[in-house]
Amino acid sequence: MARGPVRRRPRFRGERFFQAMFLVPAIAYLVLFFGFPVVKNIVMSFQEYTTTTFYTGEAPWVGFANYASVLSSGIFSTALLNTFLFTAGSIAGQFVIGLVLALFFRRSFPLNGLLRALLLLPWLLPLIVSSAVWKWILDQDSGVLNQALLGSGLVQDPVPWLTSPAFALITVIAVNVWIGIPFNTTILYGGLQDIPPELYEAGSLDGATGWKGFRHITWPLLRPVVGVVLVLGVVYTIKVLDIILGLTNGGPANSTQTIATQSYTLSFQQFDFGSGAALSNILIAISAVFAVVYLRANRKAVDD
């Protein structure tokens, strides 16, 4: 006698419900602390949002007027150029020095772990503390750096590191490089640790040592990690605010004014929240475009 199909026991009805419940906190967090602020910022950029409308909540709709205002302002081109120079200089310095240090720490030597731990200190310090310390070091009249340079006879007059348009942007970039080196070193060091030593042993038999070993073994296998480091670095650096405000406040003569600092100035010093929101949305768009383009290019290169 043929038996009918055996029915499996239905899953516990509440199983999917409990699985979904585990996602609720994460989704609520993203919506509350990321989704809502972004949507609110976009809406504000199309309104005439001032201190008065902030309390009344009756901000008139102005369309793209805020975007037209910030794009046509004389400071925008300067801020855009400074943002590009600051980001490019910071990323290049952080990555190159971080990669060199990661390769250095890959070797086994005494105090390796201690030195890597000490290297993390600049990254662990609050940015406001770092900027205050560097502002004291770089002070033109009483700064430690100028005192050392004058005492050694390397310069005849104090160097205006933070008060001269010729030096200010370079100085701010150097400080930001110092802050970002630990992050780059740590991530790249982790990527190097994942490369099997057997590949270097096999490569040495074919003469792939030194620079050849780095070019044909290390770099190709490290490229996915490099992509992550560069994308995260750009997304973070392009919106840096604390360091610039703490060191120069965008000066002198707007020589360190970036899109991020200009957005802060519009919103919290001139209280033009609509224009500040529009400028910050432009910054978000620039970051997103770079991330998408670079990730696609990097994925294509890895596939090839």
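Placement of Cβ uses the backbone N, Cα and C atoms for every residue, glycine included.
Sequence annotations record features per position, and here TrEMBL assigns transmembrane segment to 20-39 (among others).
Feature annotation from TrEMBL assigns transmembrane segment to 79-105 (among others).
Taken from TrEMBL, the feature domain 'ABC transmembrane type-1' covers 80-294.
Per TrEMBL, transmembrane segment is recorded for 117-138 (among others).
Residues or ranges marked as transmembrane segment by TrEMBL: 158-179 (among others).
Residues or ranges marked as transmembrane segment by TrEMBL: 221-238 (among others).
Summarising the annotation, TrEMBL assigns transmembrane segment to 273-295 (among others). Below 8 angstroms of C-beta separation, residues 38, 41-42, 44-50, 54, 59, 62, 66-67, 69-71, 83, 227, 230-231, 234-235, 238-239, 259-260, 262-267 of the same chain, each at least six residues beyond the ends of the transmembrane segment (273-295), sit close to that stretch.
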Candidate ranges 20-39, 79-105, 158-179, 221-238 - greatest C-beta contact count to the transmembrane segment (117-138) (under 8 angstroms): 158-179
Close approaches to the transmembrane segment (20-39) from elsewhere in its chain (Cβ under 8 angstroms; 6 or more beyond its ends): 284
